[in-house]
Amino acid sequence: MESSLIHHIIIVLLLLWFISSLNRSHAFFYFLALIYLYLVHERYVMRLKRKLQFEERKQANQRRVLSDSESVRWMNYAVEKIWPICMEQIASQKILGPIIPWFLEKYRPWTAKKAVIQHLYMGRNPPLLTDIRVLRQSTGDDHLVLELGMNFLAADDMSAILAVKLRKRLGFGMWTKLHLTGMHVEGKVLIGVKFLRRWPFLGRLRVCFAEPPYFQMTVKPIFTHGLDVAVLPGIAGWLDKLLSIAFEQTLVQPNMLVVDMEKFVSPTSENWFFVDEKEPVAHVLVEVFEASDLKPSDLNGLADPYVKGKLGAYRFKTKIQKKTLSPKWHEEFKIPIFTWDSPSILNIEVGDKDRFVDDTLGECSVNIEEFRGGQRNDMWLSLQNIKMGRLHLAITVIEDNAKSSDDPLKKAKLNKEDIQTSFASDTTNLGSFSSDKSPSVVDNFEPIKIDGQEETAIWVQKPGAEVSQIWEPRKGKSRRLDSQIQRTPNDESLSNGSSSTDDNQEGSKNPMKSVGRGLRKIGSMFHRNVKKEEFLIGSIEEESQSQSPRINLKAVNQKDVGLNFIVDDNLSGPLSGKSLDGESLDAEENSGKGHMKDVAKSFLKQAEKSAKQIKHAFSRKGSMKPRDGHKEIVPESDSGTDSESSDDDDAFTCVKNLATEPGKLTRDGNIERTGDDDHVDSTTLATAKEDSSGDILEDSTDVEAKEEKLKEAAESETRDMDTAMNIKTEDEKGDTLKNIEEGEEKESSSK
């Protein structure tokens with residue numbers, strides 16, 4: 001390093017001596033000489049730091065304990081022994097020899113018309129593998145992917161001769177030689193291996209850098225002991241830029257070098273390598289129109305602005321507009337994008353062209369991913385770092401959809417919105433969602449990969465979010481919808497245990513209803529079994545038909561959202577023999593005392609009818625004589641005229657109360673109580689009627705006594721009802737009793 005730096009110092013001193021001999025000595029030349037030596041010194045210091053870091057890492061790797069990435073010291077030792085024997089020749093002549101001309105042809109500088117490599121020797125030092133590890137996941141079809149930390153620092157005996165033919169306008173078409181006497185490469189290398197079942201068993205090797213590597217060369221023109229032009233301020237920057245572009249576009253992931261091992265080991269000479277340059281997935285069209293309100297940077301109050309941009313490894317620059325603060329360029333640049341996985345940030349800088357160092361007039365950045373979709377986005381951007389200045393741009397992202405249209409999986413994803421729309425239309429017809437619009441469900445398409453098929457033809461479609469039925473909550477008293485009374489065959493029984501609790505609750509809450517229910521029970525005991533069964537079945541059918549639908553479910557295509565209060569029918573059941581189906585719940589709950597008086601009157605009428613029915617039953621029993629000491633039971637097919645002409649509403653009311661009482665409907669239509677209640681059936685009723693009328697039929701005077709007892713019972717029923725209601729006056733009671741006595745006198749006179 002010292003000898004090379006001394007060479008530069010000697011050159012500077014000679015130039016200064018020559019200028020002073022011409023009487024052109026000026027402080028400005030000394031200042032330029034100082035800047036030149038400073039830049040050269042910085043370049044040498046950077047190289048020295050890299051060499052020292054290399055030595056430190058080399059020693060640290062030798063002492064390091066094994067971790068996730070192994071140090072593979074055994075491999076470095078083996079390569080060090082094999083390298084001077086055969087590996088160096090294979091690397092320089094078989095691998096790099098065919099590849100370097102391709103690089104020179106594609107990335108040669110504009111000053112060179114042609115470039116060829118005449119000699120290449122890598123030196124005695126082999127590449128050093130700092131660490132190695134296996135990547136479990138592979139993005140391609142490689143069977144094995146290795147990540148190696150490589151560090152190659154060439155020895156002093158490295159030599160490479162590069163012949164360059166200059167262009168005629170620059171060097172009159174002369175040939176010159178460049179000597180590469182040093183090289184330093186450091187970075188992470190990815191190696192993908194694909195195996196074969198036949199010779200040579202290694203089908204393909206893919207090599208690339210995981211990230212842009214550090215690369216430095218020592219280039220000397222004409223002879224090997226000359227000046228290193230790679231450290232000169234102008235040439236050094238230009239050479240670094242050229243090498244970085246060459247590496248990033250060819251050997252940095254996702255671009256990689258592919259080696260066909262079958263052709264590589266074949267005896268015939270074939271082109272065994274090629275560069276796998278990944279095709280861009282999109283292009284960005286950047287249109288630079290104009291700028292306004294730029295900052296004056298020159299002494300004349302103007303500027304010479306230009307725009308340069310950078311997106312990844314690609315750069316662009318506009319032309320220079322002279323002496324203006326509102327330049328107009330109207331230039332466009334097309335930049336490729338290879339992947340959307342990494343951030344795509346377009347960095348733009350507006351500069352002022354000067355003779356030595358360009359000034360910065362402002363910077364701005366744009367995220368390209370925000371403008372995807374193929375639309376042209378025209379915008380004015382404010383320049384940062386400077387308080388003034390704006391830039392007029394237009395950005396258009398042109399995506400390459402040629403391949404995506406052929407992929408059936410992507411087609412399915414493109415039609416995802418259609419699938420969501422059809423799903424939403426189907427679910428609205430089900431009527432099970434609580435809102436008009438069904439929730440948006442994003443379907444997931446999971447491809448099923450089949451060995452031997454390049455394209456996937458089978459997917460598993462899964463909804464993105466499970467949609468369950470949302471039931472509307474009910475307010476008010478809860479009701480079990482599955483405890484409905486339905487018509488069943490005669491050999492089956494119905495259990496009405498659930499209704500008993502409702503009846504008990506109602507009886508305890510309202511004594512008026514318990515009194516009315518007792519009167520209806522007395523009248524229903526003396527009805528015929530056939531008529532009782534007919535009315536019972538008819539009431540069951542009518543109740544099942546008139547039963548309300550499921551309130552908590554919406555009907556098909558129903559759009560309103562609301563709450564329906566459910567109240568049991570038992571809470572608002574009929575209080576008289578007539579049906580109250582036409583009355584609404586609100587009307588019954590909001591009725592006043594006048595309505596309660598009408599209800600009390602209806603109870604009295606019901607009591608009167610019950611008394612008539614009891615008296616009519618005993619009168620029919622009195623007209624029959626016992627035969628052979630046995631009591632005769634009236635056949636079920638025989639019915640009286642009065643019984644047939646009884647009011648249907650009375651019968652329906654009585655039967656409905658029987659249906660709501662706790663018990664079971666037996667095969668012959670009788671009611672069988674459960675719990676501590678009395679067991680009542682048709683035979684028991686008939687026996688009770690015969691026992692109660694056995695002695696009365698022998699003597700007519702006993703009939704009169706029975707009628708008196710019935711009167712007393714009716715009076716006691718009336719008194720109990722008046723006490724419970726507290727709304728019946730004494731006049732109404734007297735009229736009612738008078739009507740009952742008149743009715744009894746008429747019946748006795750007719751007998």
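Just so it is clear, glycine is given a Cβ too, placed from its N, Cα and C backbone atoms.
As annotated by Swiss-Prot, Ca(2+) 1 binding site applies to Asp298, Asp304, Asp352, Asp354. Residue density at Asp304 (Ca(2+) 1 binding site): 18 other Cβ atoms are found within 10 A of its Cβ, drawing on all protein chains shown.
The annotation Ca(2+) 2 binding site is assigned in Swiss-Prot to Asp298, Asp352, Asp354, Asp359 on the grounds of sequence analysis. Of all Cβ atoms in the protein chains displayed, 15 besides its own lie within 10 Å of the Cβ of Asp359 (Ca(2+) 2 binding site).
Among the features that Swiss-Prot reports, compositional bias 'Basic and acidic residues' is placed at 472-482 (among others).
What Swiss-Prot lists as compositional bias 'Polar residues' is 483-502.
As annotated by Swiss-Prot, compositional bias 'Basic and acidic residues' applies to 590-611 (among others).
Residues or ranges marked as compositional bias 'Basic and acidic residues' by Swiss-Prot: 625-634 (among others).
Here Swiss-Prot flags 639-651 as compositional bias 'Acidic residues'.
As annotated by Swiss-Prot, compositional bias 'Basic and acidic residues' applies to 664-681 (among others).
Positions annotated as compositional bias 'Basic and acidic residues' by Swiss-Prot: 703-751 (among others).
According to Swiss-Prot, the feature domain 'SMP-LTD' maps to 68-262.
Here Swiss-Prot flags 267-381 as domain 'C2', drawing on sequence analysis. Looking at the domain 'C2' (267-381) alone, the prediction's average pLDDT is 88.
The annotation transmembrane segment is assigned in Swiss-Prot to 2-22 (among others) on the grounds of sequence analysis.
The transmembrane segment feature in Swiss-Prot is assigned to 26-46 (among others); the stated evidence is sequence analysis.
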Sparsest-packed among the binding-site residues, when each Cβ's other Cβ atoms within 10 Å are tallied, from Asp352, Asp354
Asp354
Filtered by Cβ under 8 Å and at least 6 apart in sequence, the residues in the chain of Asp298 (Ca(2+) 1 binding site) near it are Asp304, Lys323, Asp352
Note on Ca(2+) 2: the CB centroid of Asp298, Asp352, Asp354, Asp359 has further same-chain residues inside 8 Å, namely Ser297, Ala303, Asp304, Gly351, Lys353, Asp358
